[in-house]
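The domain 'ABC transporter' annotation in Swiss-Prot covers 29-265. Taken from Swiss-Prot, the feature ATP binding site covers GLY61, LEU62, SER63, GLY64, SER65, GLY66, LYS67, SER68, and the record attributes it to sequence analysis. Marked as domain 'CBS 1' by Swiss-Prot on the basis of sequence analysis: 282-341. For 343-400, the entry in Swiss-Prot reads domain 'CBS 2'.
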Amino acid sequence: MAIKLEIKNLYKIFGEHPQRAFKYIEQGLSKEQILEKTGLSLGVKDASLAIEEGEIFVIMGLSGSGKSTMVRLLNRLIEPTRGQVLIDGVDIAKISDAELREVRRKKIAMVFQSFALMPHMTVLDNTAFGMELAGINAEERREKALDALRQVGLENYAHSYPDELSGGMRQRVGLARALAINPDILLMDEAFSALDPLIRTEMQDELVKLQAKHQRTIVFISHDLDEAMRIGDRIAIMQNGEVVQVGTPDEILNNPANDYVRTFFRGVDISQVFSAKDIARRTPNGLIRKTPGFGPRSALKLLQDEDREYGYVIERGNKFVGAVSIDSLKTALTQQQGLDAALIDAPLAVDAQTPLSELLSHVGQAPCAVPVVDEDQQYVGIISKGMLLRALDREGVNNG
């Protein structure tokens, strides 16, 4: 994947004459020691990240770790003290104010924790407000605002007012307002933190669905570990202004960089964080491709050659058809029937988004590995009993 957003050796030091801090940084003094000596606050220290196009990249850490400062450096709401912020290879730390406005209008948008909706304006007008300030004509901004509201499921509330909406719906308006400019990059600063847990989960699911359709580059700030694990393709952990580890949720869980990260991830409920798609294994063994010339005899030979009791049938477009067994294929052959007649009732396929906690009974009772499919019924892979147990055992390994 191409790199969409990159930061190199980025610093933010708050206070007058911030350059004074660098000699102490070079001497290895801590954030607290620098503050004591100079009165300067080290917000971000020598951060470097490369964020790929189309990924959800989560930055997390405890309060004061620098994560909210970091996200504001990415669109220059806060000016960096030193370092580069590259969008599509262009260092926005060096561009003019006019060029920066164009970047904010067309390439990058932000969603805050506070909904920040205008109470006297309708949902539609709130959604279009940023475009109005940018000078976009009324017809175009109305069309784009309605499209953004459709994306978040609020098109029927276009003429309602903010006080007529629930908290979750108001945050959807905030998200729609950012989506209306169709940005390449979406910055989200603890956007769901103020919501009730159930609504927060719904919004996380909504974001994942939107991402599947539009593949924007999303930088998501969070202090909620479960949230980060649920939505993040990769996670960066910050401590005292520094990025101490970057990796996939799985990589960080299995190989924490230090005690801070290890403590951060202690007690995470693997069964709630990971879903079927995260552990499903796609293997060519036992995979039967349904074509006009491929019947029960060919399928039976394939399974016997691979020494497998069960197989999984897919057709054109990778669409999952069902499972077969050696016995069901032999029966279909005896009765001179086609491959469809050999399909067995179990195991039923599970949705790729199913949490591991909901798979235990299904996988445990299935006669073979359980097939996993996406929302379009496309084959994702299989989950065996051993695979599920190994995935769930990672929590014990990390906490032991």
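Glycine is treated like the rest: Cβ placed from N, Cα and C.
On the structure: features taken from Swiss-Prot.
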residue : record           : CB count, 10 Å
GLY61   : ATP binding site : 25
LEU62   : ATP binding site : 14
SER63   : ATP binding site : 7
GLY64   : ATP binding site : 15
SER65   : ATP binding site : 23
GLY66   : ATP binding site : 23
LYS67   : ATP binding site : 24
SER68   : ATP binding site : 20
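Regional average pLDDT for the domain 'CBS 2' (343-400) in the model is 85. Excluding the listed site residues GLY61, LEU62, SER63, GLY64, SER65, GLY66, LYS67, SER68, the same chain places HIS223, MET238 with Cβ atoms within 8 Å of the centre of the ATP site Cβ atoms.
Across the domain 'CBS 2' (343-400), the DSSP tally of helix, strand and coil residues reads 24 helix, 15 strand, 19 coil. Broken down by DSSP into helix, strand and coil, the domain 'CBS 1' (282-341) contains 25 helix, 16 strand, 19 coil. According to DSSP, GLY61 (ATP binding site) is assigned to coil rather than to any helix or strand.
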